[in-house]
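For reference, Swiss-Prot has these:
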| type | residues | note |
| --- | --- | --- |
| SIGNAL | 1-24 | signal peptide |
| DISULFID | 90-95 | disulfide bond |
């Protein structure tokens, strides 16, 4: 009985102790609909932008002209050009909340 009366204040203190704060967003792979949902969550009413067609149209003719002229890429040793977009940042690799915010309007 004496042990119980000694442990009661300690148990009450442990019961009232707040839990450690949880991390709201962990760096993770986000692909497809999960990536879109994360953008909606991060950007909210601001919305987000994604214009892949406009980028391809701008880069397409220049790459073809360089290959025909014997410029970089003509020999085929360099491989495909590296892409720098949200899919490469968040799906192929892990991305943070701050990287997602870069795509908000």
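Using the three backbone atoms N, Cα and C, a Cβ is placed for every residue, glycine included.
Within the same chain, the residues at least 6 positions away from residue 95 (disulfide bond) whose Cβ sits under 8 Å from its Cβ are 27, 28, 30, 86, 89, listed in sequence order. Counting every protein chain shown, the number of other Cβ atoms lying within 10 Å of the Cβ of residue 90 (disulfide bond) is 23. In the three-state DSSP scheme, residue 90 (disulfide bond) falls into the helix class.
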